[in-house]
Amino acid sequence: MKENAEQKSGHVTTRRLLDMKQNGEKIAVLTGYDYTIARILDRAGIDVILVGDSASNVFSGHTTTLPITVDEMIYHARAVVKGVQSATSRAMVVVDMPFMSYQLSEEEALRNAGRIMKEHECDAVKMEGGSSIAATVRRITDAGIPVMGHLGLMPQSIYKYGSYKVRAQEGAEAEELMKDARLLEESGAFAVVVEKIPSALAGEIARSLTIPVIGIGAGVECDGQVLVINDMLGLNREFHPRFVRQYADLNTIIEDAVGRYLEDVRSGDFPSPEESY
């Protein structure tokens, strides 16, 4: 997005997020995967829209985030950016780098990050990992691409850990996570997501870093919160983890609307003369 457009619209930037942390303003993040929802989120005033690799789950029906590709992420990101640009152009758009798009080499990671940025004008990319990706984060940020980190429960490593349980509950893992958070900051990350870790640890990390710490299942002491929009809107009645607050029950609302539509079509009540030409 062009600088003059950012200035006119109050577009959220990495600098703005840092100011929010310093001023004690909480940062609100939601995932988004399409044009229509992105327009709604931007108009509602959301700070950051994360084009998450969770699209692999909620859009494609996979059981993990691993199958989604760079091309598919670009497809979703392009739609989200267009949605934001057609609304108020305020929200920052951050795009997940999918599994194996940055693990092979620094060069491959930079190429994919550059492609994601160039092909749809997003604001930043997000990567999972600590010390193992620190050099890659540095390489990408040195090229002018902002990077958001992700620690704690890392869905792309689900087969390594074997479960979605809370991470860093014991001293050694908690200490390692703290070191990784500091290392990501030193490597140039502008923010870091911490997922499903003890709230006390998340608060300690937030206080020890100068960059924003965004929590998901990590307690209220983080600098901001992120949720998958499908979860907080109640679109999947079978999935309701402890850390999700459900703000609507769209599953029931949509089922009811479809049921009434079916009834009206089959009875001949729809379309009415007023709805016909």
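Every residue, even glycine, has its Cβ placed from backbone N, Cα and C.
Note that this is a predicted model, so its numbers are computed, not measured.
For the recorded site, Glu195 (active site, proton acceptor), the DSSP three-state label reads strand. Sequence-distant contacts of Glu195 (active site, proton acceptor), defined by Cβ-Cβ distance under 8 angstroms and a gap of at least six in the same chain, are His150, Leu151, Gly152, Leu153, Met154, Pro155, Arg167, Gly215, Ile216, Gly217, Ala218. Feature annotation from Swiss-Prot assigns active site, proton acceptor to Glu195.
Counting every protein chain shown, the Cβ of Glu128 (Mg(2+) binding site) has 24 other Cβ atoms within 10 Å. Marked as Mg(2+) binding site by Swiss-Prot: Asp53, Asp96, Glu128.
Same-chain residues at least 6 positions away in sequence with a Cβ under 8 Å from that of Asp53 (Mg(2+) binding site) are, in sequence order, Thr65, Ile68, Met73, Asp96, Pro98, Phe99, Pro155, Gln156. According to Swiss-Prot, the feature 3-methyl-2-oxobutanoate binding site maps to Asp53, Ser54, Asp96, Lys126.
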Set of same-chain residues at least 6 away whose C-beta sits under 8 angstroms from Ser54 (3-methyl-2-oxobutanoate binding site): Thr31, Thr65, Asp96, Pro155, Val228
For the 3-methyl-2-oxobutanoate site built from Asp53, Ser54, Asp96, Lys126, further residues of that chain with CB within 8 A of the site's CB center: Thr31, Leu50, Val51, Gly52, Ala55, Thr65, Met73, Val95, Met97, Pro98
Least buried by Cβ count (within 10 Å) of the binding-site residues Asp96, Lys126: Lys126
